[in-house]
Amino acid sequence: MSGTRASNDRPPSAGGVKRGRLQHEAATTGSRVTVVLGAQWGDEGKGKVVDLLATDADIISRCQGGNNAGHTVVVDGKEYDFHLLPSGIINTKAVSFIGNGVVVHLPGLFEEAEKNEKKGLKDWEKRLIISDRAHLVFDFHQAVDGLQEVQRQAQEGKNIGTTRKGIGPAYSSKAARAGLRVCDLLSDFDEFSARFRNLARQHQSMFPTLETDVEGQLKKLKGFAERIRPMVRDGVYFMYEALHGPPKKILVEGANAALLDIGFGTCPFVTSSNCTVGGVCTGLGIPPQNIGEVYGVVKAYTTRVGVGAFPTEQINETGDLLQSRGHEWGVTTGRKRRCGWLDLMILRYAHMINGFTALALTKLDILDTLDEVKVGVSYKLSGKRIPYFPANQEILQKVEVEYETLPGWKTDTTGARKWEDLPPQAQSYIRFVENHVGVAVKWVGVGKSRDSMIQLF
């Protein structure tokens, strides 16, 4: 082999691409996406913020999770519940995109769409694009999810409290490189069927009591394949075109929340995907320089579904009042949510990871009847204040919360539509949160409807 490099083998720096062009391309990163993320344990009201921003968006995307998420949106007095579909699907002028980081249960997708069609959702299938690289959730994944919870309860006396939607088992299949994707379903169905049978057998060998109708599921999946075929695109190319074509407003709807993140959440009581800002890049196939605004959504108090440490939880009349006034029941599971005071250690931790550019503070009106409002501002461990959020559950359960007590406003805020309409004590509460976290509050929620979000700047 000759030691002389052929002219077409030389690297770009040797003259294949002009340096000025490289510099220009580096400067032109394309459009930037706006990201909406949960800053607590979920159920913060992300769907409402997304719905607000989606009114003038061109593309609304989901980047992770599956139909374990639960977003409620109220439009014209109608309440829509979304689990897998981006809640921006209501916007008839926008495209909704399910990215490669999402795990898709096809029966659940169509069931959800049909339920919302009865409430007024129209022509959703014409506005939905699904990444060909998204992994699939199968019925046996959901069955295994339930079996694993039963095993945990029997062996450890407690379970994780999953939604039993098959999300964890589906992501496990993905991580084990055994999962099946949308592109597999739409290619050679015989090959897909063979891999599906093998995957089902693997799960049956691990869970001998697992009962699954393999051939029945394959028959249904073949039907679903034809229904979704018109919606499926190469997701990476779709996003690249969207970012580098004519300027577009692109919105990313995060599911779950920071403390449910598989890497940064309160393990093991977490979900199985990255629901922090890094999941946007890996779940859509976009580079970090295309991340623009990152909005953190935080409830004016704290809630959690299922088990796990909860430092500011109020197992008393205050907790009951928050649960009752806030109608704190899980959208996906119907389970009662645990309630407590706002925890700023959690919020600061979520900000460290996500770099929020602004916050949306929701459900302020739920605090309207309280004489005083407490806010958790720091943790102590063995009598010493700690500056970090503990990774270990046992340690988190032992922390002592230091509270600041603020005066309540004892005024109905549900009619407020601008900053000046809020009582001075409510304004002070909002400023207190801003000052302690170091991030400005852009929206304040005082009710269910779209117009009950007060925009501050």
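Each residue, glycine too, has its Cβ placed from N, Cα and C.
Marked as active site, proton donor by Swiss-Prot on the basis of sequence analysis: HIS71.
The secondary structure of VAL446 (GTP binding site), as reduced to three states from DSSP, is coil rather than helix or strand. According to Swiss-Prot, the feature GTP binding site maps to 42-48, 70-72, ARG337, 363-365, 445-448.
In the three-state DSSP classification, GLY70 (Mg(2+) binding site) falls within coil. Counting every protein chain shown, 20 other Cβ atoms lie within 10 Å of the Cβ of GLY70 (Mg(2+) binding site). Under the heading Mg(2+) binding site, Swiss-Prot lists ASP43, GLY70.
Taken from Swiss-Prot, the feature region 'Disordered' applies to 1-25.
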Requested in this report: Could you state the whole-number distance in Å separating the C-alpha atoms of LEU364 (GTP binding site) and ASP43 (Mg(2+) binding site)?
Outcome: 14
Report task. Give the sequence-ordered list of residues that share a chain with GLY45 (GTP binding site), lie 6 or more positions from it, and have CB atoms under 8 Å from its CB. Result -> VAL297, LYS299, ALA360, THR362, LYS363, GLY445
**Report entry** Cα distance (Å, whole number) from HIS71 (active site, proton donor) to ASP43 (Mg(2+) binding site)
**Finding:** 8
Query raised in the report: Who sits close to GLY42 (GTP binding site): which same-chain residues at least 6 apart have their Cβ under 8 Å from its Cβ?
Result: ALA69, ASN256, ALA257, LEU260, VAL305
Report summary line: Rounded Cα distance, in Å, between LYS48 (GTP binding site) and HIS71 (active site, proton donor) is 8
